[in-house]
């Protein structure tokens with residue numbers, strides 16, 4: 001297995017800290033709003049990593065957190081007259097619902113920052129004791145980045161003392177010094193009683209503490225195997241996580257760093273701050289979650305994905321091919337083609353080379369369809385094909401539906417009944433040699449984007465996009 005390590009800026013062999021085990025920490029969302037397609041892409045990217053590792057024989061523990069203490073949450077909760085717990089729980093439920101729709105596997109653990117306050121306080125106390133942190137006059141506590149000789153080594157941001165000094169009001173020693181603890185400021189603020197005084201943790205200390213509490217190995221040069229997240233988190237968040245872990249514990253937080261690329265809308269980076277977010281829940285109103293997943297995984301995880309509906313519909317053709325083939329082989333048993341399994345898994349073991357893997361998949365779909373055309377009753381062949389498709393389901397997380405359900409997505413039960421009635425009416429017309437009426441019914445349904453296919457087993461139908 002090879003992965004691209006952001007810190008080394010090259011592909012490297014994955015050599016876990018413990019043989020055949022992989023510990024992964026993925027930065028999850030700050031839950032003050034609904035999740036957008038950038039969140040979806042990150043979740044899918046590292047879901048693919050997890051699936052690939054598991055199918056390669058690794059025992060994987062994947063932790064993805066919820067940041068439920070943050071300025072944005074506090075500000076929105078105040079505006080909506082809610083507690084931060086009420087507000088964050090709404091968006092945690094929304095995020096979970098969205099990712100379930102995208103067939104992202106549940107993490108091994110989903111810690112909330114609010115559940116690890118004691119651990120954060122202990123870590124800050126350690127940093128103060130070791131003289132890596134300092135308190136300013138308003139009670140806030142900062143990490144002194146000048147004390148960490150490796151600061152900037154992950155993101156390559158300059159960490160020299162030549163960084164501009166900032167106002168005495170904040171009393172930060174260097175611009176890149178970051179807050180560990182925010183003291184309680186009174187009305188409209190949120191604070192927790194602690195040995196540090198009443199206040200709340202900074203963003204960066206939250207993740208480092210949760211990594212330490214949920215995954216960190218004792219007596220190892222690294223706490224975990226892989227730390228992952230979006231490219232936008234590389235600096236300052238991941239840089240600061242790495243810094244405070246080195247300072248507090250004398251070890252690196254992660255052996256490998258992996259980052260997924262941005263999602264662009266109209267060639268601009270999508271973000272809430274730019275006001276061009278495309279929420280997952282809105283996309284799901286137009287497209288099934290599997291169709292969205294199939295599209296988002298189709299571009300290599302490190303590349304920028306420029307979202308547009310034309311490409312999404314083009315990518316859906318791949319799913320259509322999978323389900324048409326699946327429809328032909330349902331109800332058969334057999335073993336997977338070992339060459340197909342080896343070839344497609346090796347593609348994914350090469351830093352999740354999904355483009356190459358999808359090319360192998362397309363080749364399998366074409367060749368096996370041809371073989372079925374030549375020998376449609378070959379049960380062994382059908383069983384092998386179904387086993388191949390099952391492996392794709394496990395590896396890529398697509399192709400898991402019943403074909404009939406897939407091709408009838410977006411059609412209500414009452415509409416299905418109307419279509420079945422029309423098919424029955426058309427059948428009677430054909431029996432009575434009224435082919436004009438039969439053709440008229442087919443055309444009427446086609447106008448409603450319902451396509452009919454006559455098969456030896458009867459007429460089947462599907463919804464067109």
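Heads up, the Cβ atoms here are built off N, Cα and C, so glycines get one too.
It should be emphasised that the depicted structure is a prediction, and the values quoted were computed from it without experimental measurement.
Per Swiss-Prot, these features apply:
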type: BINDING; residues: 27, 207, 237, 241; note: Zn(2+) binding site
type: BINDING; residues: 272; note: ATP binding site
type: MOTIF; residues: 29-39; note: motif ''HIGH' region'
type: MOTIF; residues: 269-273; note: motif ''KMSKS' region'
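On the structure: features taken from Swiss-Prot.
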| residue | record | DSSP class |
| --- | --- | --- |
| 27 | Zn(2+) binding site | coil |
| 207 | Zn(2+) binding site | helix |
| 237 | Zn(2+) binding site | helix |
For residue 207 (Zn(2+) binding site), the number of other Cβ atoms found within 10 Å of its own Cβ: 28
Mean per-residue pLDDT computed across the motif ''HIGH' region' (29-39): 96
Sparsest-packed among the binding-site residues, when each Cβ's other Cβ atoms within 10 Å are tallied, from 237, 241: 237
Under 8 Å by Cβ from residue 27 (Zn(2+) binding site), same chain, sequence gap 6 or more: 64, 65, 207, 228, 229, 230, 233, 237, 238
Beyond the site residues 27, 207, 237, 241: chain residues whose C-beta lies within 8 Å of the centroid, for Zn(2+): 203, 204, 206, 208, 227, 229, 233, 238, 240
